[in-house]
Amino acid sequence: MKITRKAHPLLKMINHSFIDLPTPPNISSWWNFGSLLGACLALQILTGLFLAMHYTADTTTAFSSVTHICRDVNYGWLIRYLHANGASMFFICLYLHVARGMYYGSYMFLETWNLGVILLLFVMATAFMGYVLPWGQMSFWGATVITNLLSAIPYIGPTLVEWVWGGFSVDKATLTRFFALHFILPFIITALTMVHLLFLHETGSNNPTGLNSDCDKIPFHPYYSMKDLIGLLLLFFFLLLLVLFFPDILGDPDNYTPANPLNTPPHIKPEWYFLFAYAILRSIPNKLGGVLALLLSILILMIIPFIHLSKQRSMSFRPLSQCLFWTLAANLIILTWIGGQPVEHPYITIGQVASILYFTIILILMPLASLIENKILKW
């Protein structure tokens with residue numbers, strides 16, 4: 001008689017994806033982030049669902065409803081801060097997941113990689129709309145500034161902005177539609193994640209060497225299910241540390257002031273995980289140029305597989321590329337810092353240099369380093 005997990009139509013799919021899945025024996029902890037992202041997504045949907053039960057998407061009561069959740073709902077403060085800081089953990093895992101893909105050449109799985117970039121864009125859109133919902137000062141002005149960027153699109157720009165707003169400014173219609181979209185998008189992300197996994201399991205996982213490991217595989221369970229569990233425990237430890245001791249450390253104090261269209265905050269800035277892109281946007285004086293640079297800062301990930309000129313897939317044995325990779329990582333940290341600073345000297349210059357460097361490293365220096373490394377291989 002066949003084992004149930006191998007015979008049952010539904011369990012069979014789960015079995016092939018998470019239990020008997022042939023996995024390379026040498027994948028490191030950098031491969032944990034996929035499962036951590038799944039856990040973050042589940043947490044966000046669950047906490048978001050409970051928040052939505054008490055939240056009201058109306059400009060007059062939105063701010064009060066969030067206060068009500070924190071003060072009057074049983075463990076409402078915990079749910080709210082798990083959701084807010086869970087988003088930060090989500091983005092930390094996302095960026096590390098993408099960095100792992102860049103370092104070990106996982107972008108050579110084209111379908112998986114491109115769908116991953118689309119997922120990143122969806123998650124960013126969802127997080128942006130979620131930031132608008134508490135209807136504090138930074139929510140309102142952040143929404144105004146970012147949606148206004150659409151007006152840079154030639155000819156249809158101004159009409160498009162009013163269409164997104166549902167009026168002539170960010171108001172009740174905007175808040176209502178953002179809430180509706182913020183609620184539905186995570187479910188679309190879940191569906192896309194399943195397709196992302198489907199594509200990955202067509203080719204099998206990459207590994208730190210970048211070599212084909214078809215001849216040497218081990219089952220996912222119990223080896224990697226246990227390994228993922230340790231990663232999960234660490235993630236929740238840091239998340240709870242954040243939620244229970246420093247719940248507001250990553251937030252903006254301005255968001256504890258109700259939205260006021262007549263009073264502009266001195267420094268309008270998005271959440272910390274968008275600051276690098278915001279810095280790139282601000283570093284270009286031209287509005288349309290800034291918007292294009294902002295889009296390209298993420299979409300550049302889709303170009304990476306086509307400018308991979310190295311004979312080796314992974315960076316494990318490529319010291320020049322490794323130096324450039326870590327320079328890029330440091331550059332992104334600088335951009336994140338600059339995005340949170342006021343627009344004045346010397347921050348403007350630092351932001352412009354860091355933005356130029358960001359694109360130069362990816363588009364010019366990395367392919368160049370690959371060619372030099374190819375030459376060295378022949379010596």
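Cβ atoms are placed via backbone N, Cα and C, with glycine included.
Quantities reported herein were computed from a predicted structural model and do not represent experimental measurements.
Per Swiss-Prot, the feature transmembrane segment maps to 33-53 (among others); the stated evidence is similarity to another entry.
Under the heading transmembrane segment, Swiss-Prot lists 77-98 (among others).
Under 8 Å, Cβ to Cβ, and six or more positions away along its own chain, His182 (heme b b562 binding site) finds Gly48, Thr126, Met129, Gly130, Leu133. The heme b b562 binding site annotation in Swiss-Prot covers His83, His182 and is backed by similarity to another entry.
Taken from Swiss-Prot, the feature heme b b566 binding site applies to His97, His196. Under a cutoff of 8 A between CB atoms, and with a sequence separation of 6+ in the same chain, the neighbours of His196 (heme b b566 binding site) are Thr112, Leu115, Gly116, Leu119.
Annotation source Swiss-Prot lists transmembrane segment at 113-133 (among others).
Taken from Swiss-Prot, the feature transmembrane segment covers 178-198 (among others).
Around His201 (ubiquinone binding site), taking its Cβ as the centre, 14 other Cβ atoms fall within 10 Å, counting all chains. Swiss-Prot lists His201 with the feature ubiquinone binding site.
According to Swiss-Prot, the feature transmembrane segment maps to 226-246 (among others), an assignment based on similarity to another entry. Cβ atoms under 8 Å from those of the transmembrane segment (226-246) belong to residues 29, 32-33, 35-36, 39-40, 78, 81-82, 85-86, 88-89, 93 of the same chain, restricted to positions at least 6 beyond its ends.
Among the features that Swiss-Prot reports, transmembrane segment is placed at 288-308 (among others), with the record citing similarity to another entry.
Remote same-chain residues near the transmembrane segment (320-340) are listed as 99, 102-103, 269-270, 272, 274-280, 282, 310, 347, 350-351, 354-355, 357-358, 361-362, 365-366, 369-370, 372-373 (criterion: CB distance under 8 Å, separation of at least six residues from the stretch ends). For 320-340 (among others), the entry in Swiss-Prot reads transmembrane segment.
Per Swiss-Prot, transmembrane segment is recorded for 347-367 (among others), and the stated evidence type is similarity to another entry. Sequence-distant neighbours of the transmembrane segment (347-367) (same chain, 6+ residues past either end, Cβ-Cβ under 8 Å): 279-280, 282-284, 293, 296-297, 300, 303-304, 307-309, 321, 324-325, 327-328, 331-332, 334-335, 338-339, 341.
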Most Cβ pairs under 8 Å with the transmembrane segment (33-53), selected from 77-98, 113-133, 178-198, 288-308: 77-98
Positions whose Cβ lies under 8 angstroms from the transmembrane segment (113-133), at least six residues beyond its ends: 48, 55, 57, 62, 66, 87, 90-91, 94, 97-98, 101, 106-107, 139-140, 142-143, 146, 174-175, 178-179, 181-182, 185-186, 188-189, 192-193, 195-196, 199, 270-271, 273-274, 298-299, 301-302, 304-305
His201 (ubiquinone binding site) versus His97 (heme b b566 binding site) - Cα distance in angstrom: 17
Inter-residue C-alpha distance, His83 (heme b b562 binding site) and His201 (ubiquinone binding site) (nearest angstrom): 30
Cβ atoms near His97 (heme b b566 binding site) (within 10 Å, other residues, all chains): 20
